[in-house]
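Listed in Swiss-Prot:
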- 322: active site, proton acceptor (ACT_SITE)
- 323: active site, proton acceptor (ACT_SITE)
- 124, 186, 209: NAD(+) binding site (BINDING)
- 233, 255, 258, 323, 356, 410, 415: substrate binding site (BINDING)
- 255, 258, 356, 415: Zn(2+) binding site (BINDING)
């Protein structure tokens, strides 16, 4: 961990810099895989599964028998936890339903919007070092609430060709339509272009490593939409002298164990807290099963001491963290001044873990500073809003002359004429 005390503003850009990956060769590799899947379909996807996931497959689809068998393998306490999380996620996302209303912008001119679900969506759930069944809930539940007709899920199998039981249980519970054994770039390509088994979708959601991220970026250039750009997961804890160092250390470690490239940062006005957190992190590390991963992540973590809360807020908004935990005595007042963050956790008893799993908010969030321009996944991510307008003769009489003037000044004669012929008809 790097202890930084009272950094000058000229140092902020360097301090807040995220790791940058060399992507030129990566994109070439990813593009080649995408092109091969696009041309070869299921056969090529299964070839890549054998190479990357060491799984020899004869088909990609997960069968109903496999899902039923998986349900028997999920412990009762985990099922209960997943049910609780599902209820809270449904409650929060159901409250986001769009209720469009008709607006009369002038007499005879009525405008409105209608929310329509994206018909086919693809969800990518990574394999790696942990089964992310929670991400299944975070993506499939709002898709189902939105009314998406087809929810396709791709996730890599283990070397025996099996998908983790908790992922299958969560997928069935959340309303996923079809599940396929496919991971990495090949899964993204399959959902973007379709194969004999895997349907083409209109939008792809879900996290992944740098190869998956690159694949999503490439297919989104012209062929399919994606949720958002993604990078390594990150947390910032913003704290003053009232914060509990045990809690702060636990929050930093909960982020660090995600992966070796995860970002964990403390910004505090208390030198005493900064010192105590260092001790607590070292103490709690000993209890972690993923200690090696957390230690590598913490090597690049930063504990930053600033002179006052005003400076802490400026630094935080400049960083735009994916997750922001505010542990200050006046956390609501501090939160009111946050303008750049993916998801904010308020007070000593609101850890990031709550949002990751079961509070109800979505954990699919903008990373890498994208919180300055992007929102996290919500119900809106799975819908489109179609605009309607109805113009009566009285409305055309009211706005028509202005349209004619504007069109003429943009030298768009046909635009002007489309109004002129109608005005002439009205005046007859």
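Quick reminder: no glycine exception, Cβ is built from N, Cα and C everywhere.
Quick caveat, the model's predicted, so the values are computed rather than measured.
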Within 10 angstroms of the C-beta of residue 258 (substrate binding site), what count of other C-beta atoms is obtained when all protein chains are considered? 22
In angstrom units, rounded to an integer, how far apart are the Cα atoms of residue 258 (substrate binding site) and residue 124 (NAD(+) binding site)? 17
Say we define neighbours as other CB atoms within 10 Å of the CB. Which of the recorded positions 322, 356, 410 has the fewest? 410
323, 415 as recorded positions, winner by CB count within 10 A: 323
Cβ within 8 angstroms of the Cβ centroid of 124, 186, 209: which residues besides those meet this for the NAD(+) site? 126, 154, 156, 183, 184, 185, 187, 188, 208, 211, 212, 215
In whole Å, how far is residue 322 (active site, proton acceptor) from residue 415 (substrate binding site) when you measure between their Cα atoms? 45
Taking all protein chains shown into account, the Cβ-based neighbour count within 10 Å for residue 186 (NAD(+) binding site) is 29
